[in-house]
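Pulled from Swiss-Prot:
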- 1-30: signal peptide (SIGNAL)
- 148-347: domain 'Peptidase M12A' (DOMAIN)
- Asn169: N-linked glycosylation site (CARBOHYD)
- Cys210-Cys232: disulfide bond (DISULFID)
- His240, His244, His250: Zn(2+) binding site (BINDING)
- 349-461: domain 'CUB 1' (DOMAIN)
- Asn359: N-linked glycosylation site (CARBOHYD)
- Asn390: N-linked glycosylation site (CARBOHYD)
- Cys402-Cys424: disulfide bond (DISULFID)
- Cys462-Cys488: disulfide bond (DISULFID)
- 462-574: domain 'CUB 2' (DOMAIN)
- Cys515-Cys537: disulfide bond (DISULFID)
- 574-615: domain 'EGF-like 1' (DOMAIN)
- Cys586-Cys599: disulfide bond (DISULFID)
- Cys601-Cys614: disulfide bond (DISULFID)
- 618-730: domain 'CUB 3' (DOMAIN)
- Asn626: N-linked glycosylation site (CARBOHYD)
- Cys671-Cys693: disulfide bond (DISULFID)
- Cys734-Cys745: disulfide bond (DISULFID)
- Cys741-Cys754: disulfide bond (DISULFID)
- Cys827-Cys849: disulfide bond (DISULFID)
- Cys887-Cys917: disulfide bond (DISULFID)
- Cys944-Cys966: disulfide bond (DISULFID)
Amino acid sequence: MGLGTLSPRMLVWLVASGIVFYGELWVCAGLDYDYTFDGNEEDKTETIDYKDPCKAAVFWGDIALDDEDLNIFQIDRTIDLTQNPFGNLGHTTGGLGDHAMSKKRGALYQLIDRIRRIGFGLEQNNTVKGKVPLQFSGQNEKNRVPRAATSRTERIWPGGVIPYVIGGNFTGSQRAMFKQAMRHWEKHTCVTFIERSDEESYIVFTYRPCGCCSYVGRRGNGPQAISIGKNCDKFGIVVHELGHVIGFWHEHTRPDRDNHVTIIRENIQPGQEYNFLKMEPGEVNSLGERYDFDSIMHYARNTFSRGMFLDTILPSRDDNGIRPAIGQRTRLSKGDIAQARKLYRCPACGETLQESNGNLSSPGFPNGYPSYTHCIWRVSVTPGEKIVLNFTTMDLYKSSLCWYDYIEVRDGYWRKSPLLGRFCGDKLPEVLTSTDSRMWIEFRSSSNWVGKGFAAVYEAICGGEIRKNEGQIQSPNYPDDYRPMKECVWKITVSESYHVGLTFQSFEIERHDNCAYDYLEVRDGTSENSPLIGRFCGYDKPEDIRSTSNTLWMKFVSDGTVNKAGFAANFFKEEDECAKPDRGGCEQRCLNTLGSYQCACEPGYELGPDRRSCEAACGGLLTKLNGTITTPGWPKEYPPNKNCVWQVVAPTQYRISVKFEFFELEGNEVCKYDYVEIWSGLSSESKLHGKFCGAEVPEVITSQFNNMRIEFKSDNTVSKKGFKAHFFSDKDECSKDNGGCQHECVNTMGSYMCQCRNGFVLHDNKHDCKEAECEQKIHSPSGLITSPNWPDKYPSRKECTWEISATPGHRIKLAFSEFEIEQHQECAYDHLEVFDGETEKSPILGRLCGNKIPDPLVATGNKMFVRFVSDASVQRKGFQATHSTECGGRLKAESKPRDLYSHAQFGDNNYPGQVDCEWLLVSERGSRLELSFQTFEVEEEADCGYDYVELFDGLDSTAVGLGRFCGSGPPEEIYSIGDSVLIHFHTDDTINKKGFHIRYKSIRYPDTTHTKK
């Protein structure tokens, strides 16, 4: 039995011909694209109980079945699903690079192979765990025919209309890109995506653990997820996932694929072979479409390859001897478009019009239209705009009620939208205006009468009066750049006794301090004279807006120069539930929010299960000198929707410290969901020490005063183990008379200590400071050096030196923030000297004096020597400089091995993000280079597209490549052919790892092999 049953085009979900196999299935880009999910991040669209493709009763590779599907498709559930190896696959991050999962998938492949053989009747007498084998109706292959009697048309989206919801986790730019992908499908097919209102079945864009995942076709009976996980938010990938939603399978699983491509099985990653199984001819219908190499639903040549340069799918050569390209993720192919139009039975005549203006006409205009013609035009402009349709010619057969030949215009996105008019004859209709941003125009002819036909023009107009309780407003041409010289005015009115709520999904308008050029203006009322709420521009989303009445006035203006992506906003009717007599049913406190409200409790109480009443809670007032604080339910997972506030108070002149023993909260970069906040003071207006989440244990935190506020919040989704923390109070001796210290007093637990400013050392009495010796050796990757006695004038007759060393492979940089040394043309008196090496005999980088801040100085290697000299006469303020490191540079290789590290803080911290470093290793002429990786840990990706180390056998990147590396485990030794090697280290802005350590040397090596065997 084939792994999935369906048609070409990655194979269409063939309900069109009445053939449905397996029901709902999911395709995960953790398998399709090699993208994986972090595991700690969750989509926040949790109020929607959607069908999650990451959870299923049975998994066959990237195919998921639940109990309903097993019944619908007459599959006997004879395997114990609580024990079978399919069960856990849906709860991983995609499985790539996971050795245990690869082994499990290897076993899975064997089981799938057995299922296929059972389906062909080859093991009719075998059983699984003493049960009847897994069977499919029509088990004997020669009896296998399309099951027209069980046609499942509900898997096609009715009318080609797909309602959608975008989860709250996504940024404005991501939302815009999702809409661009949907408009791309709309432009070329008759499929329509609409924002969901009250439709029962719809899709939800989410961020789920299965990476890029989607069901194939319409699931029905409620919402279904389309997961756009980590690294999946690319236009082509979203178009691909929407292809699955519409009804497409992967092209390379067509029954006839062996006539067009060759599967090179020895190059496939172990355990991933099942991704290359094909469907059976009796189980699918290709709808007459040819194999499409260019399909956006086709795997690339190296998908699931053991190496990025090894092919797993090799396309056959065409008539010109050229192998077609496969695996593009740029746009729909002609085959994709043709297949979708067949699947959804799009009329051959008509199109989707998305420009701000355009025209349409009957076929053959003005030379007459054919009989029995059916055309549909869908006009779709930016939400917040209206469509004005003007007929310029009308010459159709006239009949009673326009029964035969007619044009219908509807105010909306499909054939059931409100009718604006039905027209025939030769009388021009009045100008028609839509109430929203979509219009449906349908033309039918059934007579043999010959007339010119019709012609019409349309134009999108922005602004106008909007009288409804909810909707969307976007800048003209959103999500593309808005047009120049536009002025749009919207007057929004909702039901009486309500307010207008306005929230922004994305916002990008030309920036100016006073918003003088392009801007959005919002006023609290019905006109430009109403009170101003705000004039907005720039890239920060405005705060949510709530009018004081049931009206809101908005104006968008663009000038003739810079154009940006614009804005997208939702408006809705809003009421203040807390102003009602029962305060929303809240027992203690009612907090009104835009579009809703929530109950809250006083400190020491928490909301009960009904979310309205209050009960004794976590938190409270703590006056002990020490104690322990834990999250509710410790050591089990903390419950959702908790808000705990601890107020810790100590005696006067004491300070409170908190040390976490264990810490694990739901993680997010901005700690938006579950978090702990620690304040110096008892209110949320005090000094905030930090907001913490994730699994990294915070440092010890000490209050500024004798009280501290600790607040824990959890949302309604993911729960973790929580935290356990100890607090303790200590007397702050420094708070009185500086602890007797001459310079600085530092409080410590149970005691205190004195410190001296730069250039001084602590006296034996541990309180006073005396002038320090002026020789320092510095080994830290960054820090501060100053002239003696800084910030006061430096003393006379002083000589100070600094020997600065950094990590091998990194150059030292010295940058001055202040500089004032006695001026002399040749710096003969007081001066600062900087040397490119470890001693004053090294090449000099500069001899400095005067009042001008010098340019930064960069050494060629990882050592720098700095010397300051003052004479007996004039003294000045001196200098202050920071030393840091820069990666890259030219390094000389010798016969003695040398080291090179990925980053200056190797061993202490992971490498930073957004780095591009190049090292040029050069040996003596006639010698070669040997490179040996001592440590290697770089973010893993199949094509090494995110973080990587790339080597070239020469002076620059045009030389022969020695390899691009990522992942864990050091590569084998590398030998150059020439006397130089260029090393390029690149990192993106997300996952950071330990990095690498290379040991290199110059050798005499006659062999020309690059890699040691």
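Positions of Cβ are set from backbone N, Cα and C atoms, glycine also.
Around His240 (Zn(2+) binding site), taking its Cβ as the centre, 29 other Cβ atoms fall within 10 Å, counting all chains. The Cβ of Cys515 has fewer other Cβ atoms within 10 Å than any other of the disulfide-bonded residues Cys515, Cys754. Sorting each residue of the domain 'CUB 3' (618-730) by its DSSP state yields 0 helix, 57 strand, 56 coil. Straight-line distance linking the Cα atoms of Cys966 (disulfide bond) and His244 (Zn(2+) binding site), rounded to a whole number, equals 31 Å. When secondary structure is read from DSSP and collapsed to three states, His244 (Zn(2+) binding site) falls in the helix class. The Cβ of Cys671 has fewer other Cβ atoms within 10 Å than any other of the disulfide-bonded residues Cys424, Cys488, Cys671, Cys741.
Counting every protein chain shown, 16 other Cβ atoms lie within 10 Å of the Cβ of Asn390 (N-linked glycosylation site). Taken together, the residues in the domain 'CUB 2' (462-574) have a mean pLDDT of 93 on the 0 to 100 scale. Using a 10 angstroms CA-CA radius around Cys734 (disulfide bond), the disulfide-bonded residues that qualify from Cys232, Cys402, Cys741, Cys754, Cys887 are Cys741, Cys754. All chains included, 19 other C-beta atoms sit within 10 angstroms of the C-beta of Cys944 (disulfide bond). Fewest other C-beta atoms within 10 Å: among the disulfide-bonded residues Cys402, Cys693, Cys887, that description fits Cys402. In this structure, Asn169 (N-linked glycosylation site) belongs to neither helix nor strand by DSSP; it is coil.
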